[in-house]
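Structure provided below as structure tokens; questions to follow.
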């Protein structure tokens, strides 16, 4: 009974969520698009001509937002080819419905074959921005969940170290709680500028926050 009440309450909140309504109205696949939008407007992360990689992209709302931001002229419909000033590459283990002007690679970005596809698309250019809204399946066991979250952040950090240009940026989703301070320290070890962002589009009850790292430190 308690579970049914929880599900009913969640569904009620979801249906009445202004960001859910806005996403439906503006054609975004998830309300998460507005989290990236708010952070981008604050930090001006997405700019014309960039190479952007979206790790764990499914269902695709972050790639949609990035695509719309880079769209040429008045072409802002993410479901229609219109050309963009830049390159967006989305990666996920799960399949993703196509997004106009976004190249999708299905597979594990830790695998050489997937990285090979990415490097072929990027060519001699380095990546300007890595974004990741990845989150593990949470078990409710704090220690186990913290380890899973930290692991995903480690993967994004490693990917950025290998592919990000010197003045590039990495934005990842994290959660306040056990292990959070360790993740921040890892960012500080790798980036000159580190900041935490809690967009208004994040649900009030959620402990999620986003960590932004800018300007890679040169290896010692």
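Please read every residue number as a count from 1 along the shown chain.
Here the Cβ of each residue, glycine as well, is placed from N, Cα and C on the backbone.
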Of the candidates 43, 92, 145, which does Swiss-Prot annotate as part of the S-adenosyl-L-methionine site that also includes 60, 62, 108, 133?
92
Which state, by DSSP, holds residue 62 (S-adenosyl-L-methionine binding site): helix, strand or coil?
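In the DSSP reduction, residue 62 (S-adenosyl-L-methionine binding site) maps to helix.
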State the Cα to Cα distance, in Å, between residue 92 (S-adenosyl-L-methionine binding site) and residue 173 (active site, proton acceptor), rounded to an integer.
15
What is the biggest Cα to Cα gap, in Å, among 60, 62, 92, 108, 133, the residues listed as binding S-adenosyl-L-methionine?
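Spelled out: the longest distance between any two Cα atoms in 60, 62, 92, 108, 133 is 18 Å.
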Please report the distance from the Cα of residue 108 (S-adenosyl-L-methionine binding site) to the Cα of residue 173 (active site, proton acceptor), rounded to the nearest angstrom.
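Cα of residue 108 (S-adenosyl-L-methionine binding site) to Cα of residue 173 (active site, proton acceptor) measures 18 Å after rounding.
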Of all the binding-site residues given, 108, 133, which residue's CB has the most CB neighbours within 10 A?
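Of the binding-site residues 108, 133, the most buried by Cβ count within 10 Å is 133.
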Sorry to bug you, but what's the C-alpha spacing from residue 173 (active site, proton acceptor) to residue 62 (S-adenosyl-L-methionine binding site), rounded to the closest Å?
12
